[in-house]
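Here's the structure we're looking at; comments come further down.
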Amino acid sequence: MAQLYYKYGTMNSGKTIEILKVAHNYEEQGKPVVIMTSALDTRDEFGVVSSRIGMRREAVPISDDMDIFSYIQNLPQKPYCVLIDECQFLSKKNVYDLARVVDDLDVPVMAFGLKNDFQNNLFEGSKHLLLLADKIDEIKTICQYCSKKATMVLRTENGKPVYEGDQIQIGGNETYIPVCRKHYFNPDI
């Protein structure tokens with residue numbers, strides 16, 4: 001029986017590399033997968049998942065109004081698994097579509113992304129995945145300052161912490177730092 005998996009972690013926790021690893025494992029056995037990512041993620045290239053260690057792969061971009069269920073249902077070959085990167089940017093509708101892929105098409109879905117933003121609020125996609133997922137797992141990494149478990153994301157601008165602004169600002173290591181709670185409130189900058 002297929003399940004909806006939500007795997008979350010802070011920045012630099014290896015979420016995308018995990019997607020690429022899972023895809024490779026399925027495909028090594030001749031089992032096709034579908035890799036999708038939010039259309040908002042344009043860090044490297046539109047419609048591409050890319051890890052910080054340099055591995056990359058084409059992906060189907062997901063817009064807020066995309067009918068993911070119909071897209072998967074109408075593929076010429078049923079996938080063995082659907083892998084989603086940057087799931088925090090998904091809309092409520094997108095997440096409910098993913099649940100239908102699992103329940104109605106019996107295709108497992110693994111969604112990877114951030115849980116909370118730089119202000120410590122849940123993203124829309126994360127909120128609905130926490131509500132609907134059958135299995136929820138944390139992908140761990142360490143605080144940049146003290147090596148304790150990182151649970152938050154610190155946004156920086158010109159070397160200074162930022163606690164206000166738009167929820168979504170696409171960026172990488174130059175903008176966001178994985179931190180523990182202590183260093184979120186008192187960063188060593």
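Cβ atoms here come from the backbone N, Cα and C positions, even for glycine.
Taken verbatim from Swiss-Prot:
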ACT_SITE  Glu86  active site, proton acceptor
BINDING   Gly9, Thr10, Met11, Asn12, Ser13, Gly14, Lys15, Thr16, Asp85, Glu86, Cys87, Gln88  ATP binding site
BINDING   Cys143, Cys146, Cys180, His183  Zn(2+) binding site
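All features noted in Swiss-Prot, drawn onto the structure.
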residue : record              : contacts (Cβ under 8 Å, 6+ apart)
Gly9    : ATP binding site    : Lys15, Phe112, Leu114, Lys115, Glu138, Ile139, Lys140, Thr141
Ser13   : ATP binding site    : Ile139, Lys140, Thr141, Ala150, Pro178
Cys87   : ATP binding site    : Tyr6, Ser38, Val95, Ala111, Phe112, Gly113, Gly125, Ser126, Leu129
Cys143  : Zn(2+) binding site : Lys149, Ala150, Pro178, Val179, Cys180, His183
Cys146  : Zn(2+) binding site : Cys180, Lys182, His183
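The CA atom of Met11 (ATP binding site) is located 11 Å away from the CA atom of the residue listed as 'active site, proton acceptor'.
Note: the Zn(2+) site is recorded as Cys143, Cys146, Cys180, His183; in the same chain, Ile142, Gln144, Tyr145, Ser147, Lys148, Ala150, Val179, Arg181, Lys182, Tyr184 also have Cβ atoms within 8 Å of that site's Cβ centroid. Take Gly9, Thr10, Met11, Asn12, Ser13, Gly14, Lys15, Thr16, Asp85, Glu86, Cys87, Gln88, the residues named in the record as contacts for ATP: the widest Cα to Cα gap among them comes to 15 Å.
Asp85 (ATP binding site) falls within a strand when secondary structure is assigned with DSSP.
Every protein chain considered, the tally of other Cβ atoms within 10 Å of the Cβ of Lys15 (ATP binding site) stands at 23. Of the listed binding-site residues Met11, Cys180, the Cβ environment within 10 Å is emptiest of other Cβ atoms at Cys180.
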